[in-house]
């Protein structure tokens, strides 16, 4: 089923009962298919332990269902009620500063708490028993944005105890842990798992394997928490799709692992909300202030579509200014439509808007919605109606597997955060810039993780994979794909050790390279990469001194080791001894695509083109009209070959 | 009585007894009328509980009084002694980080502590009994700078318990609190007042009504603390004036409310100390490095004179470099005189210098004084003598009520800090810039609060009043004044809800405006306001999309909603849909003054002119001599029509 | 013995036993004389209390010794084992935020803990008994880098209790403490030493004498901790040299005092690691990114050589990129050799490289070494071999006492940090810039402390000595040396009081100056110093208004007190009323050297020249070859008169 479905997040509990029926009617008339409800309702439904007030929610579901809307019910575990916290204060999360974070907002729980896990399953069971077979309830969302507000890594006593058990299960004996962590370093050997503390509030930096294991443990607790609720829902609400709303730009837990337990991978899309805090330049922030970065929607849709094996929904779509970024500008008129079509083009099955009506009280009053708080329609409602009409013109178009994949490994991101070499390593920026660089060539992309099937890709790009296991290396070797490999790849074993053969460790044979030294340069010092044709480009930051017998594509110009290889190409792999950005990255990606025989369309900076099934899509993120490259199209279904500012064109591609 | 009185803050306990008599003699000879003493003497007077050492203080008072000086006695509650803290450690304040702030400096108490309230009244009673009828003691200062060092908001268990009681008194039932706060949002309903915690150390942002109520409660505790001591002093020292020294530029508690219990509203004036940390531009900081901002003295004198119903004193006047700012430059010679006359011109009844002799030990050794620590006179003593001579030439001149008032509402400032929309809202900067903008037109100003009589003003300007109650709106309506209303006004109800009719809520009829959306722009993006005559001005930050049937004076030029109204004028009000600064603000103020028929004198940037009774005053904050605009003056009493750098001219105005 | 000795830091416990013998062989062949071992081995040697595993360490020592290497054994007290922390958690240090820093890295102890002091002596005794008479063990290092990771000032309950006892010992009666601290200020008198808390987590700033005494106490605990282990080693390992590795650029404890108990003063030299975080300008950081600041090695060698009475070793020399700075660039090829020769030229007896082989696991994997982690030689090994060969050409050359000394007083640095006047006082920058300024004139320098013999110097420069005791003033007076005295000198008594005669207090007679006022200017405001010849220079920051009858060499141009003296010269002293930098500092130093008849060689910015015994040394820190000033040399032993980029020349000077 590939028709674009539309939905909205609705909080009937915040509004007078008298509005519910009219709301439902207006939703249906607007063309909405889905309504997500109830994710912060625990305190209302169960005001004291074991006492349930279901009536109002029963009524809401009936009203919505009778209006022809499908309900996505939520488990309410993102906000445990006060009476539960009062009874079990150990549920509260603890920051890296060792201080408890209290009740009074949301997400005030520690993933490591078995008490809370049991309570979460208990309330999920109650919800699932009540609504699991309700004919209007067609899907479930579990909890809300697991890694919002930085609680994935919680430094509670509960977490410490759980971490000890997890380590014991993982290592079996404390001697193995001592060996694996290398506690002989700084003489910090343990004689029992009960001696192990959490890696915060230390005098100096923690043992990196200790820190990485804590990140793994913490991620695993998220997976367990999610899976426990999945199991409840599978039992009491069979046949309904289960999802969770991941956040954009977040890497705190292993999303691949959590996604594996879901039917649909959802995410929350805030293109402007995530702009000013991003790693974009000042110029880009100014340019895309009211549109969002051109690759924001594509990046996250491609990532989560890949994790969802094709089943990906936008569970919250920004409708106008949000209330939580540094500054909160409006999107230009037309952007809500553009974002919605871009999500669809990148594989979304449904796009749901956050939220129906702007709040009149409490925390999110400045977050816009489809309606203003007085019930009048805001701009997003207008654009939603336009999309609802336009979708009727489109045929079925399943998004197909791409020829080019980006390898994204959450553990490698944690590893580089834990052992950055210097003060920081720009994991997120590297991945985002490689994605954007490839997309400006019109190349469609999948994301893959180390656990995924890598066969059938022509080119796999590896922006940052600091940890490469022998299994992953074997998969890459066996895939037959050509590889574009960023610096640091394979530089640590899964135990956070330096490989015996030095970096790139398991990738040595594929690349033909040995890294003899890594260094890093500050922003105030730029160095130069020179290609064989004499072209030169600046870079800064990470740099490697490598040895190779393979083809040296470009070399460094430097006061230090002038002429040492910067880019090396073997039969199977291009290896980069620095982190390219801007024009250097553009050239490297262009060369790699050409080397792998991937066809490209060089797009103007504000234009993005992608394909879904037999359809072509173009999006103009700029203030100037553009002409589409002539494309042998078979006719436009939306827009035309001249694409106005902030416009969308859709055509029959073949 | 309108003769300028002069005084000094004196710490005899820090100096050898042998110096006291000579000090008093020198003070009298210098022309000082008042000496403030004893505000940090608790630990000396009562070295252990119930044991009092009054002798030395008795002697000091006698010496001062016999020299012809009037004594302002202080209650010593700003520094509770160690034995009291040891007995009741719960007195100590707690920071927003949940950590106790210990003994070892000053202000180490929590306003919420009933134990401390009782102890403060006990010691105040002792002081009042001892000196309340002393013939040399003519006035009292309570405590010292209530909101110095950020303890007004203290997050102690005591504060939590008091807050619960305060809420219970305020709301009566927990259901009313739940409704008012909107705790249905994020499902954080309470079933008892005893469940309520303080709004710090949360996972995400607190409920804004929760936070605003905590600000109200905290402010109310300051009021109660002050009033309790006022009551003691009224009982034991009848007929003496009671004051407290407010700080400049601080809004943490409701100064209107505290001022209502005082006879004299005092404040501490540090024009250079408050410069570098202010919101002035780098250029302004450089330009006024050694003079202070030209409107510093006027702003605070006007504000606190208004709160004091005409009775306002400068209780601490900067005499030279202080020791607590980012950097501590000297004022140019002449500035101490200029500041003193400026205070008088803006209504001060007395100016007291901080302090008599520069400290030789402990915390404030680098804070200059009238005398150096070796007893030699420093520059302030020279200038004080000049002022003392000059005042003899002046006739009585009571400061009169102004025609133009600025509305300043402390709750609105807290509200915008709690719900800034984005990362910050520049409350203080807006108020300061509007004040300064009006003053450069030579307009004399009063400040009014929501509780004040608003009649008889011709123009009321409202830079930031996010919360507008129906009572305030009715007062504004009834006042007959014309209104200049800044963005966000009336955008929240007193409960921190969005008005049912959207912003500007209760001001809708006066303005003829409805705010359909608010957004905010980062510094890196400037947008434009265009007037009907084609003049354009840049702005950034807050912007509103409004609908109106009234006259559109200027519109926005923008990629988003180009042409939407920026300035709207109705019969009674001009409403601004953005926050103007610099030339845009100047134009708006000029237009508003002209619309309200307020006569203006366009002053050069470094010149300030004001009037007190029949006297005119001019102050030159610049390094270049200036000619006064010819003014029909009836003769100069100080200076002349040519006003030298850093000079003062005073003339008979009518 | 003045032959350059070479050594390495070795961690055999981190490598397979099978590598040890080969490692020892390679070390010997490389020309190494010394091997430092065992400083983090407590947890390995004593895995549970009283159970010792000595075998492996016995074997290591035998292997090293048999290969002809001399062993520097370490006491392992920088990393107490987990079982000890579990038994005595009160050993852990506490930060200024009041939070305990836990086990899991290193230096997790509080110097104030008597329990830990006893445990440290116990384990030192065990090590000393085992190896004190071992024929291969020729020297001892105690602990490791005392002030790494900011634990010298620890705010534990243990520290508080110790501080109370220390104060009681120091003051005898609480009345004396009250008088000395001036607790009458802010009424914070104490009635018992048990009332005294630590000066952290206060509402406002602490009493400065309180804070200074806590710094003194904390420093004294370091001294005691070190001395206790010295005593153990003297008893069980007589005749062996004892050292400790001080850090570069650190002033947290009184290094003079600790050094007095050592035979050899060692330090750890990281010229690139300490570059980017230093107070150098952006341009200098870019220029010296791959060389380190030209005066880094000289400064620290001169400082610690002076403290070691000529016996100074570099105990850790940077071999390539480190892993702990903001960014970690490689030195250019040749710099490891240059640094080694520079250390020798400035008096080092031995240079030991950190470390033998790059770590394969745990915290310091990115820290380079002589060998890479796969055992292959890295660049430092190559350059070390070159140095080992070159040293054979040199005759004995003891570093001689200099004619010019810099006074460096740790207490004055703490004092200015505690009472900076404004937000900060650039202690370290001032001292570094004066040193560098003098060195660019080719002047060789000693450092002296207040306790040192000051006779026989021709010129003593005093960049920052805020506290000048009468004893120090008498020594300076008696020395006969000419003095160049920076601003603030003598401005506080040892009790942190303002001198009765104002600043410069005890230096009044030598300088002929009285400081009437101090002020400070922000970076955004520059003022001017004008010399008698009309030359003018900019400065900012600290400025003093002084009175004098002595010769005014230069005056201030300012809107404030234009023409007041900026530089004053008496018979014996030049006094500066501001903090000169750049060209102004250069001129002042030039004039002072000329006034004192010190011969100078004006060096190009990247060239440094120094002398050791009869040898001359030149170092080129730049990318361009330079010609040495003709020098009447008697022939080159290394290099020649043309000195290539990053080159070294050594010649027979006389």
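Cβ atoms are placed via backbone N, Cα and C, with glycine included.
TrEMBL: automatically predicted annotations, no manual curation.
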Among C:144, C:147 - the residue TrEMBL places in the same substrate site as C:106, C:324: C:144
Report the mean pLDDT of the predicted model across the domain 'Glycoside hydrolase family 42 N-terminal' (C:9-393), rounded to a whole number. 98
Out of C:145, C:316, the listed active-site residues, fewest other Cβ atoms within 10 Å surround the Cβ of C:145
Counting only residues 6+ apart in the same chain, whose Cβ is under 8 Å from the Cβ of residue C:106 (substrate binding site)? C:40, C:78, C:79, C:144, C:149
Listed in sequence order, which of the recorded positions C:106, C:144, C:145, C:316 sit with a CB under 8 A of chain A? C:106
With DSSP assignments reduced to helix, strand and coil, which class does residue C:144 (substrate binding site) get? coil
Residue C:316 (active site, nucleophile) sits from residue C:324 (substrate binding site) (Cα to Cα, rounded, in Å) at a distance of 15
Could you break down the residues of the domain 'Beta-galactosidase C-terminal' (C:607-652) into DSSP helix, strand and coil, giving a count for each? 0 helix, 24 strand, 22 coil
Applying a 10 Å Cβ distance cut-off over all chains shown, what neighbour count does residue C:144 (substrate binding site) have? 25
Other CB atoms, at most 10 A from the CB of residue C:324 (substrate binding site): 18
Cα-Cα distance maximum in Å, computed over every pair in C:106, C:144, C:324 that the record assigns to substrate: 16
Whole-number Å distance between the CA of residue C:145 (active site, proton donor) and the CA of residue C:316 (active site, nucleophile)? 11
Going by DSSP, give the three-state secondary structure for residue C:106 (substrate binding site). coil
